[in-house]
Amino acid sequence: MSSKITIIKNGHFLVPGSDKPVLSGYMTLENDLITYIGEAEPAVEDGAQVVDGSRLLFMPGLVNTHGHTAMSLLRGYGDDMVLQTWLQEKMWPMEEKFTGDDVYWGTSLSVLEMLKGGTTTFLDMYDHMDRVAEVTEQSGIRAVLMRGVIGLCPEEVQQSKLAEAIAFARNWHGKADGRITTMLSPHAPYTCPPEFFMKFVQAAHDLDLPMHTHMSETRHEVEQNVADYGLRPVAHLEKLGMFTRPSLIAHGVHLNDEEIGILARHNVGVSHNPGSNLKLASGVARVPELLRAGVKVSLGTDSAASNNNLDMFEEMRLAALIHKGVSGDPTAVPAPEALLMATEYGAQSIFLSGVGRLAAGMKADFIALDIDQPHMLPHTDLLSHAVYSASAKDVEHVWVNGQQVVKHGQCLTLDEEAIRRKAQETFESLLKR
Ligand SMILES: N[C@@H](CCSC[C@H]1O[C@@H](n2cnc3c(=O)[nH]cnc32)[C@H](O)[C@@H]1O)C(=O)O
Ligand SMILES: [Zn+2]
């Protein structure tokens, strides 16, 4: 098969953390990989597709490291309540009715929103995961998928959920041209009893897979964990062996210094979800302290039912702003760090190598923003604009694994009209069931 070669000319490219964080020049792609990025014009081969990059800002695709995509169907269905009430009174009763088809359409809605908004990789912890994998295959997006498991049920049900999680992780790891990888994810220490949680740890060892869970999201959770097990959640999960596996925890809002030390020592990543944490009044995670301790902090939206959108630009901006406000230090989480959290650190924290940065040899997962709009001018510092001024609506083009999936704001891989109609119909039918 002949190679597909693309050259982007006269663009601006974001390379946070490098000597030239805003580079003006050229980028070339060959099939699924970036083969060159630099100021000098590379030789163009015959038959290469040429993209005019002027008026566009190219940056790595955003990596959303925590979410429950099908819950977009419940966007706006439970606002202004704390986590436990929101879960028990609003989310769980509705989710109990979700069929595979519902998850298919809810996930399609989310993936459409994410791709159009510049997210090229997402993590999903949910149910009916075969259908989530199906949407991932069709849409061209990259995903780290796992069957989330709540263990507040009889032992036989626990066992069958665990078996399902294992089968899913085994079947789909490396599928869709390598765009899908898998992990194992007990939902949370407060929904999975210790012996059950440990079965996931054992399975993760057997399958050599990383682990993911919700942890230390609310003060109530921490107090309850101490009351039930005599330990705060971090020490509890350490004791259950989770951190003997490569791990990522979602939220980590309520952590003391000792716990931050434990996470750093075991190289455990934290998916920071500022929008969801603010909306559910869970609190503000100690991100500057986590970063200072060397913990890999990435960004996630959580579901659209607690956010209420999947705009990773908003998450990046929130992360860059709230920690300044809370600490009184304007240098807390500066723009390049927020951008790294949304890209390179994100990829690393979900164990994807070769994703998250514009560099030769990396996967061609990148996006282009329209920088000709009033809120993106003048071009003082385009990296600053990407973090402090931009939003999902500015995304003009998106490539994943070398394939263009969004062109001039239109998704090329999904049937947008069908998704719009089905999302509305599905929500209405859920209300009647
Ligand atoms: N229904 C599954 C479990 C699904 S895992 C994903 C779960 O996470 C829940 N969820 C969504 N956001 C949050 C959050 O911020 N904290 C804790 N749980 C959440 C969501 O309602 C969903 O039930 C079972 O059979 O065991
Ligand atoms: Zn969650």
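Residue 1 is the first one shown; counting continues down the chain.
Glycine is treated like the rest: Cβ placed from N, Cα and C.
Since the structure is predicted, the reported quantities are computational estimates derived from the model, not experimental observations.
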Going by TrEMBL, His66, His68, His214 bind Zn(2+); tell me which of Asp127, Asp130, Asp302 is listed for that site too.
Asp302
Cβ-Cβ distance under 8 Å to His187 (substrate binding site), same chain, at least six residues away:
Met125, Gly148, Val149, Ile150, Gly151, Thr213, His214
How many other Cβ atoms sit within 10 Å of the Cβ of Arg147 (substrate binding site)?
25
When distances run from the Cα of Arg147 (substrate binding site) to each of the binding-site residues His66, His68, Asp302, the nearest one:
His68
For Asp302 (Zn(2+) binding site), what is the secondary structure by DSSP, using just helix, strand and coil?
coil
